[in-house]
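Novice: Questions regarding the structure given below will be posed in turn.
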Amino acid sequence: MHIQSSQQNPSFVAELSQAVAGRLGQVEARQVATPREAQQLAQRQEAPKGEGLLSRLGAALARPFVAIIEWLGKLLGSRAHAATQAPLSRQDAPPAASLSAAEIKQMMLQKALPLTLGGLGKASELATLTAERLAKDHTRLASGDGALRSLATALVGIRDGSRIEASRTQAARLLEQSVGGIALQQWGTAGGAASQHVLSASPEQLREIAVQLHAVMDKVALLRHAVESEVKGEPVDKALADGLVEHFGLEAEQYLGEHPDGPYSDAEVMALGLYTNGEYQHLNRSLRQGRELDAGQALIDRGMSAAFEKSGPAEQVVKTFRGTQGRDAFEAVKEGQVGHDAGYLSTSRDPGVARSFAGQGTITTLFGRSGIDVSEISIEGDEQEILYDKGTDMRVLLSAKDGQGVTRRVLEEATLGERSGHGEGLLDALDLATGTDRSGKPQEQDLRLRMRGLDLA
């Protein structure tokens with residue numbers, strides 16, 4: 001209700017008050033003057049929705065980020081700029097007043113994500129860049145809408161604006177990747193360290209830089225698939241599956257639709273299948289040596305990590321076996337201590353499989369609950385493989401050589417708690433009979449290997 005009032009001089013108010021004074025029943029009543037503050041409050045009008053102070057402050061905070069989007073649109077192309085107009089509509093956006101500055105920034109960066117596709121497109125010429133063109137055109141490539149500048153700008157946009165953690169991580173790694181000893185991001189700036197390096201580099205060094213940029217673009221192509229799927233609103237799994245098929249071809253495609261009722265998606269089945277079908281050697285070598293994964297390895301690693309995140313622990317402790325030759329991740333771990341393998345850990349329910357892999361090396365018995373049964377996915381289904389995630393902590397319960405000189409080791413998942421590997425019913429028939437030497441005399445061996453309950457046969 002809007003109340004209108006007028007201000008009168010004091011004498012008029014006093015006269016009016018006396019004129020209307022009287023009694024209301026037993027109560028004496030008279031008119032009093034309305035305080036000025038009450039009159040001002042009654043005359044106040046609310047601003048229309050969206051035009052209040054908080055809304056104006058929110059709009060002011062958002063303005064710089066809108067300017068960034070417009071700048072990105074001009075840099076990466078008009079088509080990319082047009083693609084962001086619908087997402088920026090006022091109807092779809094939450095009220096600016098309800099968001100913090102950080103939330104507004106993140107929202108604007110996410111709205112700008114489609115622009116990055118234009119930048120990745122402009123960078124495509126780097127896939128065929130020669131040493132001669134690099135030396136001649138670096139300034140052009142690293143300025144304006146040049147390929148190197150567009151690539152660096154697009155990767156920053158993906159790193160800061162993608163909702164997909166894997167895409168953000170991959171973009172960040174690419175920006176930091178060394179090209180000729182200089183981070184890729186710096187190659188997108190003319191006049192800096194990269195420009196100086198190009199001027200002083202030998203022809204052989206320039207050729208090596210060009211080769212490294214070609215390798216970068218292989219990874220960029222896979223990242224672009226993921227961003228395109230995100231912009232279209234497609235599931236993350238589809239982008240990963242498309243990337244695996246593009247990289248591995250029929251080798252990956254053979255797993256499509258093979259396990260429709262299983263717990264894992266097509267992309268996860270592809271990754272697990274490719275790993276067990278020979279890719280485990282290259283992937284684990286890179287993981288254990290701390291090397292950067294190539295594009296194909298990174299895709300498999302993403303798919304396998306997603307499968308492990310989805311899988312839950314087994315209801316009961318599972319006993320499996322592993323055979324290795326040479327040194328392994330647990331060789332230097334003392335009994336009672338915890339260690340882990342930086343790579344994925346393949347084990348089998350069949351001790352015979354472990355013996356065939358071990359030879360005269362090491363046979364390990366493992367007790368755990370977090371392993372994934374990949375026997376139905378692997379082309380080597382008869383190996384009855386149980387696969388543990390990379391970095392799974394294992395406690396060494398026992399490590400000793402038997403009478404034949406084979407190292408026998410017992411591990412349990414650290415999350416199980418101490419002595420879970422000694423549970424009755426799980427450990428049976430050690431059967432490590434003492435061997436004999438050439439003279440026929442019994443060989444000495446660690447007495448602990450005689451304890452029943454550790455099936456290391």
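These residue numbers are counts, starting from 1, taken along the chain as shown.
Every residue gets a Cβ built from N, Cα and C, even glycine.
Found this in Swiss-Prot, in case it helps:
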DOMAIN    99-232  domain 'Bacterial Rho-GAP'
SITE      Arg149  site 'Arginine finger'
DOMAIN    242-418  domain 'TR mART core'
ACT_SITE  Arg322  active site
ACT_SITE  Ser346  active site
ACT_SITE  Glu385  active site
Novice: What counts of helix, strand and coil residues does DSSP assign across the domain 'Bacterial Rho-GAP' (99-232)?
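Specialist: The domain 'Bacterial Rho-GAP' (99-232) comes out at 108 helix, 4 strand, 22 coil.
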Novice: Here's one to test understanding: among the active-site residues Arg322, Ser346, Glu385, whose C-alpha is closest in space to the C-alpha of Arg149 (site 'Arginine finger')?
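Specialist: For Arg149 (site 'Arginine finger'), the spatially nearest of the active-site residues is Ser346.
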Novice: Quick one: pull the CA-CA distance for Arg322 (active site) versus Glu385 (active site), whole Å only.
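Specialist: For Arg322 (active site) versus Glu385 (active site), the Cα atoms are 10 Å apart.
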Novice: Which whole number is the mean pLDDT over the domain 'Bacterial Rho-GAP' (99-232)?
Specialist: 89
Novice: Sorted by position, what residues of the same chain at least six away from Glu385 (active site) have a C-beta under 8 A from it?
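Specialist: Long-range Cβ contacts: Thr276, Ser346, Thr347, Ser348, Asp373, Val374, Ser375, Ser378.
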